[in-house]
Amino acid sequence: MLLQQNWVSPRWTWQSLGKSFIFFVFLMLQAADLEARRGHQFVWKTGHWGRCVGDCGSGGTRSRAVWCTHTEGWTSHHANCDQQEKPESQRRCFKVCDWHLELFEWDVSGWGSCEPGGEAGPCVMAQHGLQRRSARCLQKLDRSVVAAEICEHLAPQPPLEQACLVPCPRDCVVTDFSPWSPCSGGCTNSLRHRTRAVIAPPLYGGAPCPNLTESQTCAAAACPLGEEEHTYSLKVGPWGECRLPHREDASLDLGEDSGELSTSWLEGHKAQHHPHTGQVGYQTRAVSCVRSDGRHAVLSLCVQDAVPLTSKTCVIAKDCETSEWSAWSSCSQTCSWGDLAPGFRSRHRSVRSVAMGSGKLCPELEEKEACSTGGRELLKPCPRFSWRTSEWKACQVSLFDQQSPQHHKHAVLCGGGIQTREVYCVQITVEGETHRLKEGFRMRQRHVIVDPVGTLAGCPHLVESIPCEDPTCYEWIVSEGICVADHGKCGPGKHILKTVCKNKKGEEVPYHLCSELPRPDVMACEIPCATDCVLSEWSQWSPCSHSCSSKSAEGSQSRSRSILALPAEGGKACPPDRALQEHRACNDHPCVHFFWETSPWSSCSEDVLVTALNATVSWSGEATCGVGMQTRKVFCMRSGSGHVTPKRCPDSTRPETVRPCLLPCKKDCIVTPFSEWTRCPTACQPGNATAVKQSRYRIIIQDAANGGQACPDTLYEERECEDTPVCPVYRWKTHRWSHCVLVPESVRQNVLGHNEACGHGLQSRAVTCLTENNESADVSECMKWAGPMPPLVQDCLIPCKDDCTFTPWSKFTACSFDCESTKTRRRSLTGRSRKRDKCQNTEVYPQVETELCPCEVFTSQPHGNWSDCIIGGGKLELQQGVQSHGDTKECGEGVRLRAIACYDKAGRLVEPSRCSSSGYVEESCTVPCPFDCKLSDWSSWSPCSSSCGTGMKVRSKWLKEKPYSGGRPCPKLDLKNQVYEAVPCYTECNQYSWVVEPWSPCKINSEQNSLHCGEGIQTRKVRCVSTTEDHGGETVPNTLCNKAEIPNEIRKCSLYCPNECAVSDWGPWSTCPQVCDPSTVQTRTRQVLRSVSRKPCPEDSQMKPCILNQNCFQYQYNLTAWSTCQLNGNATCGRGVRKRLLSCVRSDGEMVSARHCEQRRLEKPAETSSECVVRCVVDCRLSAWSAWSQCSQTCGSGGQMVRGRTVLLKAAAEGRPCPAQLSQHRSCPVKPCYSWHLGPWSPCRLQGGQCGDGLQFRNLTCVVHDASVSATSQPVEDALCGELPLKESVLQLPCSVPCPGDCHLTEWSEWSSCELTCIDGRSFETTGRQARSRALIGQPAENMESCSGQVVETRPCSGGRCYEYLWKTSLWRDNVRTVWCQRSDGVNVTGGCALQTKPAEVRHCSPACRKPFSYCTQRGVCGCERGYTEIMRSNGLLDYCMKVPGLEDKKADVKTIAGKNKPVNSKMHDIFKGWSIQPFNPDGKLKMWVYGVSASGFLIIVLLIFTSFLMCKKSKQHQSTPPQQKPLTLAYDGDIDM
């Protein structure tokens, strides 16, 4: 057994170890697998980089979060990710600071064109594209380019690409063809043409334009053999280049007499300035003969009587030559206004040689560009300016109101007026701050006890202040405290004073803000001991017994105190009875018999003594102001009798007659510094011009006052400009014309009949530029200062032997004053011409010319409307540019004007001064004057509406006259045409009140009390007095006072015995809360004045519940209505106060003193007074009329002149309103308009040929018109139009007439309408396009292949519209229809419509119609010919065509016979074929009509059966019973008819 156990143990051990080993190996493999897969299952993730933090510049750092995540998305520990691949979490960065932003910026170019991108597919409306632009980083200072990384630190780089839309390719769009051109007659073959024009060019890669020309051979009869018809045309070629003759041709030289230029003169001036001359050469052209088929022919077949010129003289072409550019000038500005107003710099160049012949003209001689400060010293900022104003001047009251006699009673004007001030511009300068002295104010104030009621005058000023130095803002407030015994608890002592630091508003502030503590006065007091006599406090002083003092009675008042407790043995005794009362005199002033009266204070004036005082005491804070004296007179007055001697009035109440005052500060006149001198002209001035002056001015800001320095006399200065440049004087000097230069003889000999040296030629001359001192100058100076250069070459004529020669024309004879007179001039024949017969023909060679003399007869016609009525406009004021001054009238008599147009006898417009000096027709007019609203004076005030308490009283005005013609309007009136004013009033309800005297000493009943202490009785006197102002305080009978309110005259009292506790009288009851609640109580207390140890003291407090209207009352405010706005003094407008009275009403209905409501701090319902404004009656004030403006047109009709005025002050309240007319217009006199009128171009003139190159001409005429739309122009003298503009001086142009066989372009088509590129009906571009074209036409047919080069032009345009291109179709006809493209405006075009959506032009049946006698119908289905009917299948398709019976015997039916061979495709046949009986639809289902017919038939059968049944039943009722018959048996015999 043991052995077996020993054998099993190693086996078990091996099994256990093997299992552990295998498990360990398994774990290792799993770990290796996990390690192997870890790199694939865990990855690093990073967040966004944070903000750059740290120091400015490159020392900053930025951070981001880095974490490890599983591929499934959950976050894992960092150890699971590969540490070698961990991204960085920090990096260095460039920290941008504010000052970096001022150094660099991104400079972005504009977006480029949109380029299509992406896959190419079918384009519907537009395709996506891409736009690109460039961005670079610039340094702001010099605009230099720096690395882009610098700007990327400051701001992200702007996007350089953006998506865009490219419209689909649009093909070229052309119009329909024009009609065919006519064919030429004859038997030769010719072509006819038709053309079309381009109306929209191809865009965005669209198809190019098709051929704009179509040709077609004309059908002509064959020509007989050898007799072809041809025509011949003389072809004139273009003129060749102008060239100089050969040296042997001396006739072209200028010759020795060509001018005044000698050899020595040229030698002396050959250094710089050469005379400008034109070189004369010659040019030739070829002349050939062309047959109608385009082939050349012998010249003799085309030669006519007059052979065209083949040579002529010309001017050798020479381009304008200029010098090099000068250096750039300095900038036009010396300071910087920023990019909004940059300065400019310029450079110049001069002309060295002017253009000759057809040479290039001179380019611009001056260039300007904006000058930048980059790379140079920055300009200082330009000074800034601001508006400043002077003080408002005194109010000037309008005098319009002073027409009524009432206003003459008042010496002082009041009401609405005008204040003016100067407004000027000043340069802003930064000045140092001026430190003012520390100043404050000493103030005193008083309060209103009773508001004024029923009077216009308000309360006087409530606050006074004087300036002071070192202001005191805080002070100690001292109040009495409790009594503290000197020794022990009773006996003599002192009051402790309580001090608090307060500010001026009465608020408590910390102690350290106040100065040192004040030294308080010692106040003695005494606390009674247990055995001492106890006295009450002194009562209040009684009312004065008399309101004034007289010989018989003087006023007195008293106060008392009583003994509250008797002393015990050894205690301090009570004072005697006389010591318990005190008396003093009161109201010791006389009883209103004498009083002092004062005059108003005089104005503040300087005093010698006060001036001396000011030398030592600085009473005022301002150094320029001092202390003066005010005086007034004091009078002693006796009631009812006036002045009395001053001895009768007491000196103690004499008012002071002198008081110090602040002298008004001297105000010196303050003026602005002189403005800058106005600029002298920089442009030069003519030498004979008047001296140019410059000026400057200054403005008075503050007028002198109170003896200050007066204003200067000179406010405007003027002086002549120094160093004003004088325009240089240059002039052209022309030399003698050379002899007439002809074509060289060698050239003339080649032309038949041109051997004679005569005919048209050119002659030239030299032109030089001279200074004022006849010195040579640059030609550009003369071109600048002396006008255009005189011509260097002119035409000339050398007469031939056979030509007629004449003397020059004489001057015209003088004209008479007769309008029908004429003037003539003459010439006569010279030399051999006098003997030639042809020269004697005066129709061809006139020798006398006659012209009509100008007629000085003019007629005028009114033109335009009448002007506004102009008041006070004299002849001078009606002139243009003259301004009206002073007060102008606004109404009354005036004139109105109407312009005229002046015409001469020929009906041509001339200057209006020929008909009228002013150019106007005048007519008198009237402007009605305004009349103001008038009201009556104020009525007297009505009595107060309430006899007790608050009420209202009113007064009124009523309407006397209404306003008209813009007068002052009336205020708002009621139905009775009245206006009211109301103020609150108050009537005392209780004019009498009860007055009580102090209580008497407590009287003890001595019969029952031997100690003379204990309970007793106190009495007092009660009397009724008047409370009115006149009789205030006087005793009246008690019956006048309210008996219910009479105070008690007797009460119980206590006199404490010795050794008894003594207490004071009961204090007042505490107040009940504002909300009366019986659960709340009010209490009263009393103090223990003397305490003893033997007996307890009586109660020291009592309480009782608060019951409404018994001992607890509620209060509320009661308000009257608002008064009208009340003004101070004699003011009629401005700021005032409106008031309403506030009364306090108790809850039991009694009106009580307002202090009850105030003590409870009840919220007042509203303000009892508020500021208000009575709008001043201010009339509208207008400026003076401005000067008449320039005419809106320099000439012609319809011009207007205008003058205006502005509203200086708008009308306010019931002021006279501003007139509606603030501008006046008048028509200008109709001045003639002169302009050059270019005539139409003439047909191409070939100078003797039938085709080839020639010239087009147009006439230039000076015409006069009135510039209206329907104006007719009439020719006048050229001198009236002045110099011709250069661009219109082209009066001839080269042209060509095509010869047979030439290809030529047609004239330009009209510009097409402006079309926008649109997507879905919306414009894709801001500008549109227009197109025009020229088609190419050639003859004959064999040359058409070589003709190419049609021309298309486009130009941008504005105001275009979107067009749509839609396919249009005609009706089907024989399965064919026309399809064309049409624009949305109705124009038929080729191109523009999408070919993918083009409708079919030919219609086919599906399946095809192959059955006999069938054809394809208009509905797209197979049908049968006429005479056959369709047999349809179940699917609705044609099965076969069946012949209609009965038609084969009609021999006369030609159509039926023809139909066997050919289908009848008539429209009517198709229509009726649609009604053929076909029960099946094309889909094989029965048609609806089959069901309808079946149902109808069934209903008819049922109806017949039912009708038969009814008829049979009715007939049986009238028949007798028939005899019984044998039943009938029916049998079928097989007959088919059954």
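Using the three backbone atoms N, Cα and C, a Cβ is placed for every residue, glycine included.
Across the domain 'Spondin-like TSP1' (172-223), the prediction's mean pLDDT works out to 83. Taken from TrEMBL, the feature domain 'Spondin-like TSP1' covers 172-223 (among others).
Across the domain 'Spondin-like TSP1' (320-373), DSSP classifies residues as 0 helix, 19 strand, 35 coil. Annotation comment: TrEMBL describes 320-373 (among others) as domain 'Spondin-like TSP1'.
According to TrEMBL, the domain 'Spondin-like TSP1' annotation covers 533-591 (among others). The residues of the domain 'Spondin-like TSP1' (533-591), classed with DSSP into helix (H, G, I), strand (E, B) and coil, number 4 helix, 19 strand, 36 coil.
The DSSP breakdown of the domain 'Spondin-like TSP1' (669-727) into helical (H, G, I), extended (E, B) and coil residues amounts to 0 helix, 18 strand, 41 coil. Under the heading domain 'Spondin-like TSP1', TrEMBL lists 669-727 (among others).
Counting residues per DSSP class in helix, strand and coil order gives 0 helix, 17 strand, 29 coil for the domain 'Spondin-like TSP1' (933-978). Sequence annotations record features per position, and here TrEMBL assigns domain 'Spondin-like TSP1' to 933-978 (among others).
Residues annotated as domain 'Spondin-like TSP1' in TrEMBL: 1180-1233 (among others).
With DSSP classes pooled into helix, strand and coil, the tally for the domain 'Thrombospondin type-1' (1407-1446) is 0 helix, 17 strand, 23 coil. Annotation comment: TrEMBL describes 1407-1446 as domain 'Thrombospondin type-1'.
The transmembrane segment feature in TrEMBL is assigned to 1488-1512.
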